[in-house]
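Trainee: Please read through the structure below; I'll follow up with questions.
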Amino acid sequence: MGICLSAQIKAVSPGASPKYMSSEANDSLGSKSSSVSIRTNPRTEGEILQSPNLKSFTFAELKAATRNFRPDSVLGEGGFGSVFKGWIDEQTLTASKPGTGVVIAVKKLNQDGWQGHQEWLAEVNYLGQFSHPNLVKLIGYCLEDEHRLLVYEFMPRGSLENHLFRRGSYFQPLSWTLRLKVALGAAKGLAFLHNAETSVIYRDFKTSNILLDSEYNAKLSDFGLAKDGPTGDKSHVSTRIMGTYGYAAPEYLATGHLTTKSDVYSYGVVLLEVLSGRRAVDKNRPPGEQKLVEWARPLLANKRKLFRVIDNRLQDQYSMEEACKVATLALRCLTFEIKLRPNMNEVVSHLEHIQTLNEAGGRNIDMVQRRMRRRSDSVAINQKPNAGFARQTAVGVIATAYPRPSDSPLFV
């Protein structure tokens, strides 16, 4: 589905990753892939797993909540259909006046779209059974005649994709600290799915499916392609190849064999996008740089070349120790040897350690800047400061824009 449950963005994204062999919809920004017809056999409420956490809405209720699905309520569009902004009462979950109650995002299935009832049903059943801080909350659904709708919590910050790749005043580039926070949150969501009583393979982990709340907490959305993992003595699930080009694990593409380690590979691609600010596939780049993993893989293992991969908008925000650890983790996730890939619990542990380093670095920055402010009181007013300096901290060399006296021997 891949539609942002967030602020209205309709511009087409250049160079976005295409879909392949998939009834999965395009991302919220409308680039198109081949059509898959919707199945027409009868559908009933009996297909939906019982969940006390979900409300069954009538079509009339959602029509009222979205002001009759008015065009100016559209948040995004994709293969599933359109997403509309609406309002409901927090207690009764009935439609409320615009600007009052709880803001919701309503996905309305387009019967001529690329996704159908099975994807809709998977979304209802998985999100209806699961509750986790890093999974988007499904409030309810509507299954009435030909109508298929999903009702979610509203995610005001939009998708990670938009924050990494959009340009303009609406989306500001994410800071290094926020990127680590989002990467960790998404990893926790994926780990939760893999650790379920019957593991769940997400199968379409990508930046457009990672949504951000007002505090930049990451939440996984779009479970239309999710599958139960192998059970008993089975090592994998065999399935038709579906997903998004540039994110799928090579062994899955070659054999159709799906495991939780397939998700780990996809996570590695996203982590590389977070580190580099580049898309997994970008046809607008030079031929040798269009496929991010192929281009970056040899650079990630070389500390002297790693700077070529790191997003230049992150200049002076990170230590080399942090960057190297993120690069090493991405490489491990992207290895061709399935058994050598970490599981998502290990990924979470590594990222928590990196986040601790980042927080320690931030404290050191504050301490050094306080010291420098005290020293600056004794510096002659006519001394001209330079643009910045580098300092050694417990987590490595970190650059800062704090000015330094040009002729002071303390900074040689």
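Note that Cβ sites are derived from N, Cα and C of the backbone, with glycine treated the same way.
OK, Swiss-Prot features for this one:
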type	residues	note
LIPID	Cys4	S-palmitoyl cysteine
REGION	15-45	region 'Disordered'
COMPBIAS	23-43	compositional bias 'Polar residues'
MOD_RES	Thr58	phosphothreonine
DOMAIN	69-356	domain 'Protein kinase'
BINDING	Leu75, Gly76, Glu77, Gly78, Gly79, Phe80, Gly81, Ser82, Val83, Lys107	ATP binding site
MOD_RES	Tyr152	phosphotyrosine
ACT_SITE	Asp204	active site, proton acceptor
MOD_RES	Ser208	phosphoserine
MOD_RES	Ser238	phosphoserine
MOD_RES	Thr239	phosphothreonine
MOD_RES	Thr244	phosphothreonine
MOD_RES	Tyr252	phosphotyrosine
Trainee: Relative to the Cα of Glu77 (ATP binding site), which of the modified residues Thr58, Ser208, Thr239 has the closest Cα?
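Mentor: Out of the listed candidates, the nearest Cα belongs to Ser208.
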Trainee: Please average pLDDT over the domain 'Protein kinase' (69-356) for the predicted structure.
Mentor: 92
Trainee: Give me the CA-CA distance between Val83 (ATP binding site) and Tyr252 (phosphotyrosine), in Å, as a whole number.
Mentor: 31
Trainee: Expressed to the nearest Å, what is the distance separating Tyr252 (phosphotyrosine) and Thr244 (phosphothreonine) at their Cα atoms?
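Mentor: Tyr252 (phosphotyrosine) to Thr244 (phosphothreonine), Cα-Cα distance: 12 Å.
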Trainee: Do you know which of the modified residues Ser238, Thr239 has the most other C-beta atoms within 10 angstroms of its C-beta?
Mentor: Thr239
Trainee: Thr244 (phosphothreonine) to Asp204 (active site, proton acceptor): how many Å between their Cα atoms?
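Mentor: For Thr244 (phosphothreonine) versus Asp204 (active site, proton acceptor), the Cα atoms are 7 Å apart.
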Trainee: Cα distance, Thr239 (phosphothreonine) to Leu75 (ATP binding site), nearest Å?
Mentor: 32
Trainee: Nearest to Ser238 (phosphoserine) by Cα, among Thr58, Gly81, Tyr152, Asp204, Ser208 (recorded positions)?
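Mentor: Given the candidates Thr58, Gly81, Tyr152, Asp204, Ser208, the nearest one is Asp204.
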